[in-house]
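What follows is a single structure, written as structure tokens, with notes after it.
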Amino acid sequence: MKNKVLKLKNNKIFDKKLATFLKNLDIFPNNWEFFEKAFIHASYINEHEDVSESYDRLEFLGDALIDFVVAKKLFELYPKYNEGLLTRTKIEIVKGENLNRIGMELKLGDFVKLSNGAELTENTVGDVLEALVGAIYEDMGMKKATEFVEKYIFERTFSEILKYDFFSLFQEQKLPEPRVRVSLTSNNLVLSIIELDGDIIWSQAIPNNKNYDDKSVLEHNAMASFTSFLKSSKGSHFFSDLKEKIENQKMCKKLAIKPKKN
């Protein structure tokens with residue numbers, strides 16, 4: 001991917017393009033220096049004496065902020081996750097490959113300042129995403145940085161990971177794809193049901209303490225609860241018992257339709 005040639009931070013054309021770009025991300029800077037710095041690669045400094053700092057420090061800050069916001073979001077949204085599942089899910093969201101992908105999707109590379117001979121890599125774009133989060137925090141505070149991370153990093157990634165892990169559990173056991181159903185009862189309970197070929201194989205009813213009414217969040221909670229259940233001692237034999245039950249049902253059907261011998 002070839003990087004666009006951009007001029008110094010005081011260039012009005014650059015400022016206008018960057019302002020439009022940030023506006024589309026719902027970012028309206030108070031201090032432009034943070035955001036201009038967020039796109040300056042270390043190699044650029046070597047060729048421009050009037051530029052003294054790259055995005056490295058902002059990247060360091062943004063990395064820590066992303067890690068914290070994602071951890072806090074997982075902890076609050078999914079109370080049924082144990083420590084191991086929380087950690088594994090967080091790693092999938094904040095890992096470099098994922099941040100690189102999101103940075104590329106957001107087209108952050110269009111604004112990166114590199115030396116003339118440097119190549120723009122996906123890793124650099126991921127670093128810039130972290131630096132941008134750091135810039136948002138420095139200029140606009142924790143609330144805005146949290147909103148950005150939740151919208152552009154957490155929400156873009158988590159549902160994909162959760163669904164993949166959930167359905168993979170059944171694929172690994174060579175079972176059909178399950179169906180997840182959720183509903184709210186009149187006494188504010190969340191009723192979660194998982195079906196396989198029309199049969200209910202797991203269900204739970206828990207208080208809706210957070211007053212969620214978003215169906216996708218409720219479904220995510222149901223998947224998380226089921227996954228956590230499988231990792232508990234009670235769920236350790238779930239699939240073996242389920243498969244045995246399915247085989248017994250098949251056998252009963254076979255016997256029921258078997259013709260009588262003359």
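Each residue, glycine too, has its Cβ placed from N, Cα and C.
Summary of the site annotation: Swiss-Prot records Mg(2+) binding at ASP127, GLU130. Screening the candidates GLU47, GLU49, GLU53, GLU59 against this entry identifies GLU59 as the one listed for that site. Secondary structure counts, DSSP: the domain 'RNase III' (18-141) has 84 helix, 2 strand, 38 coil. Each residue contributes its Cα atom, and for GLU130 (Mg(2+) binding site) and ASP63 (active site) these two points are 5 Å apart.
In this structure, the CA atom of ASP127 (Mg(2+) binding site) is 8 Å away from the CA atom of ASP63 (active site).
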